[in-house]
2 protein chains.
Amino acid sequence: MESLKQAIRERGNVLSDTVLKVDSFLNHQVDPKLINEIGQAFAERFKNEGITKVLTIESSGIAPSLVVATHLGVPFIFARKKKSLTMTDNVYRSQVYSFTKQETNEITVSKDLLHADDRVLIIDDFLANGQAAFGLCEIVEQAGAQVVGFGIVIEKSFQDGRKKLTDKGYRVESLARIQSFKNGTVQFVDEFVTQLSK
Amino acid sequence: MESLKQAIRERGNVLSDTVLKVDSFLNHQVDPKLINEIGQAFAERFKNEGITKVLTIESSGIAPSLVVATHLGVPFIFARKKKSLTMTDNVYRSQVYSFTKQETNEITVSKDLLHADDRVLIIDDFLANGQAAFGLCEIVEQAGAQVVGFGIVIEKSFQDGRKKLTDKGYRVESLARIQSFKNGTVQFVDEFVTQLSK
C-alpha cells in the first residue's frame, strides 16, 4: 500500500535494528485519512470471506478495526489487557508478551461476544514474532469460532510471525512488509526483491 | 442522541447504582454504525471551533475520536497509559485515577504532537467525576495549547464531573446524560426534567 509506505519512509523513525517508531501517524497520533485507507484496504481484501466479527487488541488496532468493521457491516471487539470492574469472570483468556513494553499481559474477551458460528478477521498494527496474533487465535479457538485471516498494518518480515501463521494455514495480509531497518533506513520486501532481481 | 439512548436502554446493563456496562456496543465490542453516528454528532457540534487536534485516552475513546477527526479533517492523539519502548522521555504527563479499574495511571503525550497554537477537542466515552478529563486538560495546558471543549458519549450526571468542568468555563457536550440508575433502570436527564415538569 503505497500511501502507507510513504508515511513510514517520511514520518517513521527507525530507533534500532528491530524497532520502528510510527507514533506520529499510527499508534499515538493517528492520521485519519491514512487509517481510513488502511481499513478500506483490509475490507477490500476480505470482503468475500463472510466475516462476522473483527477482533483486535487494545489500543493501536482499534482505529483500523473500526474502518474495516464499518465497511464489512459487522461489529468489532477489542480484547482487553486489563480487567475492568464491569467485566465478569465469564471471559476467554490468553497470555501475550509485548516486546515493546517488555511485559506479559493476560488478554480477555467476554464469552458473550464470540460464538462458535463466528468467522473472525484479526487486525493488528504490527506483526513481529506473532505473540499477539497467536494470543488472539487462542481466544477465537476457545470460542469454537474460525479465524478467517489476519490483517496487519506493518509486518516485520525479518521476524518469524508471518511464517508461523502461514505454516498453520492462516491467510496473512500485510499492507507494508519490512525487510530490514539497516543503517537507519527502511527497506520494504518488494523493493528488496526488485533489487535482487536486477 | 436518540440512537445512543436506545442502545443504552436495550443493550446496556446496570451493574450497581453507579456502574453501567456498555461493553456490547461501546467499550469492548463496538457497534460501528452507532460509533459513526456518535463521532458525526460531536463533529457537527464543534465544526465551527477551529479544532486542530482531537485528544483522548486509550482505549475506549479511540473509535469515536477517529470518526470526529475524520469529519473535522484533523489528526487525533490517544494519550498512553503505559510507556512504550518507542516513547522517549520527551512527554507531557499527568495522573489519572480510574474508578472502574481502581488504579492510578500516569498518562503521557509526546511533546512532538501538541503545540501552543493547537485548539484541542477532548473526547471520552464516560464522564463521571472528571478525573480523566482534568488529566487530559493538564496535558493540553502543559503544551500551552487551548482546550476548546469536551465531547462525552455518556455522562453520569449524578457525579460532579460536568459541574467541575463547566465551573472552569469549559464547554461540555454529552450525547447521553444519565440522571440515575435507580432500581436497575437508566433514567436520562431530559426524561427526568420532563417528569418533574408534568
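Think of each number as a place in line: the chain as shown, counted from 1.
Glycine too: its Cβ is placed from the backbone N, Cα and C atoms.
Per TrEMBL, xanthine binding site is recorded for B:Leu20, B:Asn27, B:Lys156. If you take the C-beta of B:Lys156 (xanthine binding site) and look for same-chain residues 6 or more apart in sequence within under 8 angstroms, you find B:Thr18, B:Leu20, B:Phe126, B:Leu127, B:Ala128, B:Ile178.
Sequence annotations record features per position, and here TrEMBL assigns 5-phospho-alpha-D-ribose 1-diphosphate binding site to B:Ala128, B:Asn129, B:Gly130, B:Gln131, B:Ala132. Secondary structure from DSSP puts B:Gln131 (5-phospho-alpha-D-ribose 1-diphosphate binding site) in a helix. If you draw a 10 Å sphere around the CB of B:Gln131 (5-phospho-alpha-D-ribose 1-diphosphate binding site), it holds 19 other CB atoms from the protein chains shown.
Here TrEMBL flags B:32-169 as domain 'Phosphoribosyltransferase'.
Look at B:Lys156 (xanthine binding site): DSSP puts it in a strand. Across the structure, B:Gly130 (5-phospho-alpha-D-ribose 1-diphosphate binding site) and B:Asn27 (xanthine binding site) are spaced 18 Å apart at their Cα atoms. Sequence-distant neighbours of B:Ala132 (5-phospho-alpha-D-ribose 1-diphosphate binding site): residues of the same chain at least 6 apart with a C-beta under 8 Å from its C-beta are B:Ile57, B:Val96, B:Ser98, B:Asp124. Around the Cβ of B:Ala128 (5-phospho-alpha-D-ribose 1-diphosphate binding site), the number of neighbouring Cβ atoms within 10 Å comes to 23.
Those same-chain residues not listed among B:Ala128, B:Asn129, B:Gly130, B:Gln131, B:Ala132 yet with C-beta within 8 angstroms of the centroid of the 5-phospho-alpha-D-ribose 1-diphosphate site C-beta atoms are B:Tyr97, B:Phe99, B:Leu127, B:Ala133, B:Phe134, B:Gln159, B:Gly161.
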